[in-house]
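Participant: From Swiss-Prot, for reference:
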| type | residues | note |
| --- | --- | --- |
| DOMAIN | 38-152 | domain 'TBDR plug' |
| BINDING | Ser85, Asn92, Val110, Ser111, Ala251, Thr309, Arg517, Tyr551 | cyanocob(III)alamin binding site |
| DOMAIN | 155-614 | domain 'TBDR beta-barrel' |
| TRANSMEM | 158-165 | transmembrane segment |
| BINDING | Asp213, Asp215, Tyr249, Asp250, Asp261 | Ca(2+) 2 binding site |
| TRANSMEM | 217-227 | transmembrane segment |
| TRANSMEM | 232-248 | transmembrane segment |
| TRANSMEM | 263-277 | transmembrane segment |
| TRANSMEM | 279-296 | transmembrane segment |
| TRANSMEM | 309-325 | transmembrane segment |
| TRANSMEM | 353-369 | transmembrane segment |
| TRANSMEM | 385-400 | transmembrane segment |
| TRANSMEM | 403-417 | transmembrane segment |
| TRANSMEM | 473-490 | transmembrane segment |
| TRANSMEM | 494-509 | transmembrane segment |
| TRANSMEM | 535-550 | transmembrane segment |
Amino acid sequence: MIKKATLLTAFSVTAFSAWAQDTSPDTLVVTANRFQQPRSAVLAPVTIVTRQDIERWQSTSVNDVLRRLPGVDIAQSGGTGQNSSIFIRGTNSSHVLVLIDGVRLNLAGVSGSADLSQFPVSLVQRIEYIRGPRSAIYGSDAIGGVVNIITTRDNPGTELTAGWGSNSYQNYDLSTQQQLGENTRATLIGDYEYTKGFDVVAKGGTGMQAQPDRDGFLSKTLYGALEHTFSDRWSGFVRGYGYDNRTDYDAYYSPGSPLIDTRKLYSQSWDAGLRFNGERIQSQLVSSYSHSKDYNYDPHYGRYDTSATLDEMKQYNVQWTNSVVVGHGNVGAGVDWQKQTTTPGTGYVPEGYDQRNTGVYLTGLQQLGDFTLEAAARSDDNSQFGRHGTWQTSAGWEFIEGYRFIASYGTSYKAPNLGQLYGYYGNPNLNPEKSKQWEGAFEGLTAGVSWRISGYRNDINDMIDYDDHLQKYYNEGKARIKGIEATANFDTGPLTHTVSYDYVDARNAITDTPLPRRSKQMAKYQLDWDVYDFDWGVTYQYLGSRYDSDYSAYPYRTVKMGGVSLWDLTVAYPVTSHLTVRGKIANLFDKDYETVYGYQTAGREYTLSGSYTF
């Protein structure tokens, strides 16, 4: 409570009276500037998803959670567990930084982008989602935005959940948090998920050979955490989790060769930390280790056959973050150290390599009357490409009580991945991709409607593209992204409304052609209400047209995929104070659409679940 009260006083959040009505004083955000601050004091657009939201939406995957959020466009090669890409504000999927409890997701080190189709939604207790550049705070990848998945559970007790659904879907979950003495608490989560899936078809991606089979998914997850409070100011934690996933997919068929159409992923992560929370100073030291083994193989031969591939990576992280209350704001500073190592063959790199990065950052936030000022700078020293610096600044002006104008500018970058550097077609002389981004926004509270309208431009240079003639990767691409984002939320009696609209013009700046797999327009609407103890929810999504490549034709051609409107319906009912039953119909009107050309989506799906708490 000392920490919370100090922060609220330091930022003088009473000046933001309008936002205080929309955001509880208890709603604190960590991800925006790497220290706790009230959401009303954050100048960047931020969305928070809680475990209660996930349960109300009855989401069975992290992608299903993220697709509801402003600025997020997801392209997936089929159903649950199939490869997916996350585009935030039109940027590449490799331009999205995904954190797990503040630490980079290990799987992103091989491909350069995070595929959240494999991460268990059962571990997600909270998501903090920041849009816009954040490399000045986090380093590489944070061009389009940052998604921080937080696994720390806050509510004690035990919950048992079981669910069933279409395509033989099954899910069984146990989560418990217990107090061990006065100052120690332990958390344990176990989860099993299975679906037979459906035939994703993969037109054009199978070597002209149809593969009429079900492409299923199996996941087993285990999580444990121990937290201890040493005193009023000192606390520490140890936690670890792992998951074992198997995915069937449609693969490229070559006559006389094994058909590699099965993926087996083992992933484990461990971290430990020590925290100090003083009246004016906060400090945290975290050390983490993660190890992933990603096999692709023909099940008739097994994952140890010479035809199989293995991407294996180990990642070591040490983070020391600090913040000090200064005046009517805060100054933060910290150091990040990371080492990534791979085994031979990972990412088609014939030899094993390691890459080290040390980053030092400084942040500042001050509230001066009606003005809020924010700035950050960072320097990264990478073992491959040397030093790289980034910076950003923002200013907010409450020109009328309850109405604020925000302007920001930031630079960011994306480091080349190991395959681009050292693979068969790699180029060790690659430079990082660089971004410059501008944004202007108005936000306010009008007649009970909390709203924000933003306009932004993002120029990305030195993008890494594969040169067909030279058969190497080079820094020769450019992108120009312009967009408008509007969000609003309000209540009308028992009804709660959340609305967003995105217009994104993402183009190749050299050819002036649209970037693939991005919708030019998106509209999203969430309606929730309670009637006679029934908790109802309706989700609407409009995904505009997008472009992709048809590889079934030679030479391949660009195709335009039409837009689609999707509806989901959910309902939950508390049978007793301990037992709740839930039901969901996804894609209510059974729309046939694709987000990756040639790959089918699920169509209408049903799920039914029950949870018992004690």
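Using N, Cα and C of the backbone, Cβ positions are placed for all residues, glycine too.
Would you situate these features in the structure and describe their surroundings?
Facilitator: Annotation for Ser85 (cyanocob(III)alamin binding site): same-chain Cβ neighbours under 8 Å, separated by at least 6 residues, are Ile74, Ala75, Gln76, Ser93, Ser113, Asp115, Arg517.
Proximity of distant same-chain residues to the transmembrane segment (158-165), defined by a Cβ-Cβ separation under 8 Å and at least 6 residues beyond the stretch ends, is recorded for 60, 171-178, 195, 582, 605-614.
Counting only residues at least six positions away in the same chain, the Cβ atoms of Asp199, Asp248, Asp250 sit under 8 Å from the Cβ of Asp213 (Ca(2+) 2 binding site). In the three-state DSSP scheme, Asp213 (Ca(2+) 2 binding site) is classed as coil.
For the transmembrane segment (217-227), same-chain residues at least 6 beyond its ends with a Cβ under 8 Å from one of its own Cβ atoms are 79-82, 118, 120, 122-123, 151-153, 184-195, 197, 235-248.
If you look at the transmembrane segment (232-248), the same-chain residues 6 or more away from its ends with a CB under 8 A from one of its CBs are 2, 81-82, 101, 118-120, 123, 151, 187, 189, 197, 213-226, 261-278.
Remote same-chain residues near the transmembrane segment (279-296) are listed as 2-3, 6, 35-36, 102-103, 106-107, 110, 260, 262-273, 303, 308-325 (criterion: CB distance under 8 Å, separation of at least six residues from the stretch ends).
Within its own chain, the transmembrane segment (353-369) is flanked in space by residues 11-12, 15, 33-35, 37, 41, 136-137, 139-140, 323, 326-342, 375-384, 415, 418, 421-422, which lie at least six positions past its ends and keep a Cβ under 8 Å from the stretch.
Same-chain neighbours of the transmembrane segment (385-400): 15-16, 43-44, 133-137, 139, 370-379, 406-413, 415-416, 430-432, counting only residues six or more beyond its ends whose CB sits under 8 Å from a CB of the stretch.
Within the chain carrying the transmembrane segment (403-417), a Cβ under 8 angstroms from the stretch's Cβ atoms is held by residues 16, 18, 43-44, 92, 94-95, 109-112, 132-136, 140-143, 347, 357, 382, 384-385, 388, 390-397, 430-445, 464, 473, all 6 or more beyond its ends.
Panel annotation: around the transmembrane segment (473-490), residues 22, 45, 70-71, 89-92, 131, 416, 420, 425-427, 430-431, 433, 448-467, 496-510, 515 of the same chain, lying at least six beyond its termini, place a Cβ under 8 Å from a Cβ of the stretch.
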Participant: What does the structure give for the C-alpha distance between Tyr551 (cyanocob(III)alamin binding site) and Asp215 (Ca(2+) 2 binding site)? Integer Å is fine.
Facilitator: 21
Participant: Measure from the Cα of Asp215 (Ca(2+) 2 binding site) to the Cα of every one of the binding-site residues Asn92, Ala251, Thr309, then give the nearest.
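Facilitator: Checked the binding-site residues Asn92, Ala251, Thr309; minimum Cα distance to Asp215 (Ca(2+) 2 binding site) goes to Ala251.
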Participant: Determine the Cβ neighbour count for Thr309 (cyanocob(III)alamin binding site): the number of other Cβ atoms within 10 Å of its Cβ.
Facilitator: 15
Participant: Identify all same-chain residues not among Asp213, Asp215, Tyr249, Asp250, Asp261 whose C-beta atom falls within 8 angstroms of the centroid of the Ca(2+) 2 site's C-beta atoms; report them in sequence order.
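Facilitator: Neighbours within 8 Å of the Cβ centroid, excluding Asp213, Asp215, Tyr249, Asp250, Asp261: Asp199, Val200, Ala202, Gln211, Asp248, Ala251.
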Participant: State the count of C-beta atoms found within 10 angstroms of the C-beta of Asp250 (Ca(2+) 2 binding site), not counting that atom itself.
Facilitator: 25
Participant: Measuring C-alpha to C-alpha, could you say which of the binding-site residues Asn92, Ala251, Thr309 are within 10 Å of Asp261 (Ca(2+) 2 binding site)?
Facilitator: Ala251
Participant: Given a Cβ distance threshold of under 8 angstroms, which distant residues of the chain, six or more beyond its ends, lie next to the transmembrane segment (535-550)?
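Facilitator: Long-range Cβ neighbours of the transmembrane segment (535-550): 56-57, 67-68, 73, 75, 204, 513-514, 516-529, 556-573, 593, 595-598.
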